[in-house]
Amino acid sequence: MDIINNKKINSKTENSLPDNFLIDGFGRQITYLRISLTDRCNLRCVYCMPEDGVKLIEHNEMLSYEEILKFVNILASHGVNKIRITGGEPLVRKGMINFIKNLSSISGIKDISMTTNGILLDKYAQDLYNAGLKRINISLDSLNNETFSKITRGGNLDAVLKGISAAKAAGFHPIKINTVLIRGTNDNELMNFISFAIENELNLRFIEYMPIGQNISRTITTKELTEKIKAEYKDFESNKISDSSVSKEYYFSNNKNNKAVIGFISPLSEHFCNDCNRLRLTASGKLRLCLFYDEEYDIKKILNNSVNNEDIYNYLLNLLQKKRQTHLFNNKRGANNCSGHINIIEDNTYMNKIGG
């Protein structure tokens, strides 16, 4: 049976939301938009793109800042209040600071955050904060110069560390470090990252390696990581009052360690689809209902066809009825899984294209 038609209303939202909100077929309210500003990046991380790079979209095919702001305005009037800026690397796109200023002025938008590799953060941190960006996630997959260079294919670890310092000085709090541990590559640095987070009072989040277009054998599960940390830190405890539906958070009860929060994002082994409240907008203006499916809908075309805002809202509402209840990711793209579904993430789909 097709999961799209297996309609089940979430009891938390049933009969409790205004008619003009964006609600999918399972009663989940959409409040969160992730925007990929560019597919370009100043690194070539092994889990994000192939070594020889990818074909980049032409500049005239990218959403303009004006188009993005128009789309966000429409969504904000229908309950979307949280925006995350991603890439590629968002800081390589010109005009970023002014865009953040305009984005932060949109009525209804309460939270604007960014995920960056940190390479350019030393230069832009203070301006970003002053423009209205208040939360920042920095991708950092190794504290070893050689390993960092290997994972990023030539990246400069010192530049990222300077970026973290600049973000702290600018006033960003909390600062979250996103770390992808890959079996056989950097998983030996687990305890080094824990110490780094404690010493620098950072929120550290381990994200399961999501092998888009690759196989799953190098993924390390959250269960495996937490068991290793608990063996080393006896005061490592689950945060029972975490307000995050995505990150499972832990803290250290010992006072000397408790400035750090350790989170785990487990889209594969412990997915959070039941509470999914997000959409993804690619740099080329394609709307994705789910990271793990290649189904895309051309928002750029609609924005340029003089369609009024109410018609765009109705179009989105209809699209949301296609949003699946859960992803069914397996380690062989295109293979039927036990529920009769086909995972359609293609081998040529990479994170720089879709914003992660």
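A Cβ is built for glycine as well, from the same backbone N, Cα and C atoms used for every other residue.
According to TrEMBL, ARG84, THR115, LYS176, ARG278, LEU279, ARG280 bind GTP; the candidate from ARG34, ARG324 that the record adds to this site is ARG34. Checking each of the binding-site residues CYS41, CYS45, GLY88, SER139 against LEU279 (GTP binding site) by C-alpha distance, the shortest gap belongs to GLY88.
Counting in whole angstrom, SER139 (S-adenosyl-L-methionine binding site) lies 7 from THR115 (GTP binding site) by their C-alpha atoms. Look at CYS45 ([4Fe-4S] cluster 1 binding site): DSSP puts it in coil. In sequence order, ILE30, TYR32, LEU33, ARG34 make up the list of same-chain residues 6 or more apart from ARG278 (GTP binding site) whose Cβ falls under 8 Å from its Cβ.
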